[in-house]
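A short write-up of the structure that comes next.
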Amino acid sequence: MKKEIIFEKLKLLLKNAYVPYSKFPVSCIVFLKDGTEVRGVNVENAAFPSGICAERVALPQVFAMGYNKNDIESLAIMTSSKGFGSPCGMCRQFMSELFDKNVDIEMFNIDKYLGKFTIDDFLPYQFSSKELK
């Protein structure tokens, strides 16, 4: 899918974020190999640790819909920032377990496409189940 189309979809999705405290909406679309798009936005709560990021809204839905990590083709994330707003540490760790390392993560800010990355770019030293053995 063209970057311009993804950009517009993410920008429209930002409006669905519930961000009364930070005023910092984030949107995420998980693109599955069969063409399905799974969407997420960040949702805040007055008890701040109770909020949830857009990536952690979208990715669990993939599994709830009966798909698995092998069905994920790519992710696209947009922040309302004019800079480079990247996934938080918790989301990086979360993503590192829920899709393959070769999955593209397309990053956008409110103005433009920022580039294509992988989870290794964002989290080169992931904690994994190997550490638990």
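Even glycines carry a Cβ here, placed using N, Cα and C.
Feature annotations, reproduced from TrEMBL:
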ACT_SITE  Glu55  active site, proton donor
BINDING   Cys53, Cys88, Cys91  Zn(2+) binding site
DOMAIN    1-130  domain 'CMP/dCMP-type deaminase'
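Broken down by DSSP into helix, strand and coil, the domain 'CMP/dCMP-type deaminase' (1-130) contains 45 helix, 33 strand, 52 coil.
Of all Cβ atoms in the protein chains displayed, 25 besides its own lie within 10 Å of the Cβ of Glu55 (active site, proton donor). The binding-site residues under consideration are Cys53, Cys88, Cys91. Their Cβ neighbour counts within 10 Å are lowest for Cys88. Across the domain 'CMP/dCMP-type deaminase' (1-130), the prediction's mean pLDDT works out to 96. The two recorded residues, Cys91 (Zn(2+) binding site) and Glu55 (active site, proton donor), have Cα atoms 6 Å apart.
Same-chain residues that are not part of Cys53, Cys88, Cys91 yet have a Cβ within 8 Å of the Cβ center of the Zn(2+) site turn out to be Val26, Ala54, Glu55, Arg56, Pro87, Gly89, Met90, Arg92, Phe94.
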